[in-house]
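The block underneath contains the structure these notes are about, expressed in structure tokens.
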Amino acid sequence: MPPLFKGLKQMAKPIAYVSRFSAKRPIHIILFSLIISAFAYLSVIQYYFNGWQLDSNSVFETAPNKDSNTLFQECSHYYRDSSLDGWVSITAHEASELPAPHHYYLLNLNFNSPNETDSIPELANTVFEKDNTKYILQEDLSVSKEISSTDGTKWRLRSDRKSLFDVKTLAYSLYDVFSENVTQADPFDVLIMVTAYLMMFYTIFGLFNDMRKTGSNFWLSASTVVNSASSLFLALYVTQCILGKEVSALTLFEGLPFIVVVVGFKHKIKIAQYALEKFERVGLSKRITTDEIVFESVSEEGGRLIQDHLLCIFAFIGCSMYAHQLKTLTNFCILSAFILIFELILTPTFYSAILALRLEMNVIHRSTIIKQTLEEDGVVPSTARIISKAEKKSVSSFLNLSVVVIIMKLSVILLFVFINFYNFGANWVNDAFNSLYFDKERVSLPDFITSNASENFKEQAIVSVTPLLYYKPIKSYQRIEDMVLLLLRNVSVAIRDRFVSKLVLSALVCSAVINVYLLNAARIHTSYTADQLVKTEVTKKSFTAPVQKASTPVLTNKTVISGSKVKSLSSAQSSSSGPSSSSEEDDSRDIESLDKKIRPLEELEALLSSGNTKQLKNKEVAALVIHGKLPLYALEKKLGDTTRAVAVRRKALSILAEAPVLASDRLPYKNYDYDRVFGACCENVIGYMPLPVGVIGPLVIDGTSYHIPMATTEGCLVASAMRGCKAINAGGGATTVLTKDGMTRGPVVRFPTLKRSGACKIWLDSEEGQNAIKKAFNSTSRFARLQHIQTCLAGDLLFMRFRTTTGDAMGMNMISKGVEYSLKQMVEEYGWEDMEVVSVSGNYCTDKKPAAINWIEGRGKSVVAEATIPGDVVRKVLKSDVSALVELNIAKNLVGSAMAGSVGGFNAHAANLVTAVFLALGQDPAQNVESSNCITLMKEVDGDLRISVSMPSIEVGTIGGGTVLEPQGAMLDLLGVRGPHATAPGTNARQLARIVACAVLAGELSLCAALAAGHLVQSHMTHNRKPAEPTKPNNLDATDINRLKDGSVTCIKS
């Protein structure tokens, strides 16, 4: 239902703040809610199942003499004395009250077995037997539940209530009860109830289906049901146990489906959908925590939640007041109102805590995925751990779970329901079993008793004849049942012990505390991110202060000369923001001790050998480097501080390379996260190179708008591509098609003879060889999957080209590991012992080099992008003509490139756009060589321009490499493709390839239009040239000016 008034959203703020509080402390809220709900649950169960008592007796043990008392009531009792002629039937009460000196019990036992070889046991006190029936006469009512025969067969009395596997019998009894009630009810009422239950089950099914569409797993849907069930039990407890309003089980059975259908789960579904979508949209930007996501979700949907529930609550209260003379209806309306009230309470508490927990699990899972991907892509584990702590992604989908896991989850739930059903309903289940296993009709005295009564029963006597008791041989499943029941019985007895119960309670408390601790530990990244953002903002403000206020003295008197202006080093401080590093603190220590000498080299070497390098000053560490005692590459490991290592390396190189520029700040190095660089992006780091980053867009690609970042130092490039975006959008945007996705690696091997090389090629080309190599290759990674191996021979050299999917990573390192292992398996397992691996990379890939194989076969992502530009847009925006553009494209991009013998270069300047986007997004700039392979086609269609770019070898990734750096990662966030995709690995990288192709499309369109109109040189002169500084007026007279003019003419002629 839409909001009825505008201020409704403000009403949701209180419950939104409650949901944020719950999201920050999910374990506490969940435990507290479940404990309260469990108390209400036990109270309600005790109310409805009044035979079940909350005492210390185990639910698996019966009360003393319970079976004997029940059997005595079911016996047929007969009395005789000397004054009576024959036997008189009496009741059980009379049999227990009459003072007869002798009371005998006649047990009627039947041994029934489908196996005729099973022998019937021999029993004492047998007075009569016929076929499979034995009569036992004894003076006490004791029935053996198990009897053994001479051949070892064990017989069991089937009236034992502890039968977990008699489902068929129980089903029959329930069916009989159900049939009897249905036949007595009105057909129209039955139809309504059946319809209501069908709608209720459909609503529950819709809950799971809708949750699955949002990307949720099974447990979030189940938690929604638990939330509603808790509301039901709390409402029942308040209504019946506190208010004393009785709601019968029949009323609850009839009315509950209508409540479920009317209220439904739509609000919880929308809250979960908003939260999960928000989590995916935020991606890896680290600007929002899980409790903030939950807060926004409840704020968005909370208004409608309050509105719908309050309307229903008022309706039920009004109905209860209007129909107060109908007690059953009134009580049910009160119950329904309380159900909705507790729904309003539990949704921002229990359900929000569950949702926050789910988001936290997504974050943890995302961390694991990123760490594994980075390690497989060649990033050192320490750096991978650093990145995975700050950048996390989730992968979870109910449909992607294995069938075994789903079955196990469902089995746990069904087991829980069955245990409750079995324990709490034990009494009436026992009655149902007895009605089937016992013949409860009144049993007459057998002839062998009545005929010999005068001889055997001369005095007063009572004979109680039991119903027919059935014994059956024990089967294998019953032995399993016995083991299960024995285990449960022992556990139940152990838990009742006063020491064990306290131990279990202590273990529960410890478990809850540990879970809280572990969850808080998993959420450290959230608080860490928030603290870092706050520190960054504070640092930015501090760095905006005027530079003239800096009073810190400099280390040297050297100056930085720029043009004709001279400025001291103190004014050349970097203006980049971020927290100060330990190297700056060490610099201050160096400044304070300028008059102190550096310790002797021998003493420094001793400290280095003892592992105390961190205690040295930067100048002392630099001295060790200068004297060759400490390698440049080992500074990060020895100092344990990447930023300090960069500072020391700059000091040392400024002397070793005689490069005083490194002692200045012209190449910045401060306030940069070198932890992400170490072991992943660069070695011997001395700083970072700032590049200007522009943005083009919005550019509509396949119906979605993107702003595309470009890092470049070429003027007009961003402006030109921006004009292309405007023209493409005017035609409805760009359309893309991805035709291939597979990174390649091409090893080269050698065999002793050409025949062996040829045989190996034939084997690799066969289905057997392909499958064998795929199995070996795929075992090396959870992401890389081998698609195909292409081979070729050159003499005895065999070249192989492995084509592999690599998820969202660019994947060169990932493939190299798989190729290396596959070649090893060929030598060791597949019979190619004489194969010699010449190189893991034989340039048959081909990587970072122009090659026709990449142009023909493709490498990485093969994308075709197309757009239709209306004719009037070509004229007004591009300032050109459709026919002129088509003619220019043919002459320049097709004929001109062919005349130059180009391979993959049938375009105007695809490399310009590809390189600029690669630099901005942390891609490998060297792979611009093959990624820029592109053919641009244009044609006129009904007066409009249709332009397309076909790029068969775009090599990109959204995780690993330069994407781990924060600035580049931020630009990937701008596009919404950072890190691995949550549910479909490879989707983000493929989308990035589409974006790159469309950026090239915009650039091609604009440049070709500029060339066709002759605007290229003019635009570069306008944007790339600064206006000349005005010259000072001279004092030349007219005679001198005329002389200079004549001289210039003479010079030109000569």
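Placement of Cβ uses the backbone N, Cα and C atoms for every residue, glycine included.
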Membrane topology agreement for Ile15 and Ile306 per Swiss-Prot:
yes
Among 218-238, 680-700, find the range that Swiss-Prot records as transmembrane segment.
218-238
Look through Asn115, Asn557 and state which residue has the annotation N-linked glycosylation site in Swiss-Prot.
Asn115
According to Swiss-Prot, one residue among Asn181, Asn400 carries the annotation N-linked glycosylation site; which one is it?
Asn181
Provide the three-state DSSP residue tally for the topological domain 'Lumenal' (331-336): helix first, then strand, then coil.
6 helix, 0 strand, 0 coil
Which one is closest to Lys726 (CoA binding site) in space, judged by CA to CA distance, out of the recorded positions Ser781, Gly811, Asp924?
Asp924
So among Asn490, Gly724, Asp924, all listed as recorded positions, which is physically nearest to Phe783 (NADP(+) binding site)? Use the C-alpha atoms.
Asp924
Check the DSSP secondary structure of Asn115 (N-linked glycosylation site), expressed as helix, strand or coil.
coil
Can you tell which of the recorded positions (Asn115, Asn490, Ser720, Ser781, Asn813) has the fewest other C-beta atoms within 10 angstroms of its C-beta?
Asn115
C-alpha spacing of Glu714 (active site, charge relay system) relative to Met722 (CoA binding site), in angstrom:
14
Among Ser720, Lys848, Leu878, Asp924, which are recorded as recorded positions, the nearest neighbour of Ser781 (NADP(+) binding site) by Cα:
Asp924
Pop the Cα-Cα gap between Asp924 (active site, charge relay system) and Lys848 (active site, charge relay system) into the table, whole Å please.
10
Using DSSP and collapsing to three states, where does Gly724 (CoA binding site) fall: helix, strand or coil?
helix
Using Gly811 (NADP(+) binding site) as the reference point, find which of the recorded positions Asn490, Ser720, Gly724, Asp924 has the shortest Cα-to-Cα distance to it.
Asp924
Quick one: DSSP breakdown of the topological domain 'Lumenal' (239-246) into helix, strand and coil?
4 helix, 0 strand, 4 coil
Would you identify which of the binding-site residues Met722, Leu878 has the most other C-beta atoms lying within 10 angstroms of its C-beta?
Leu878
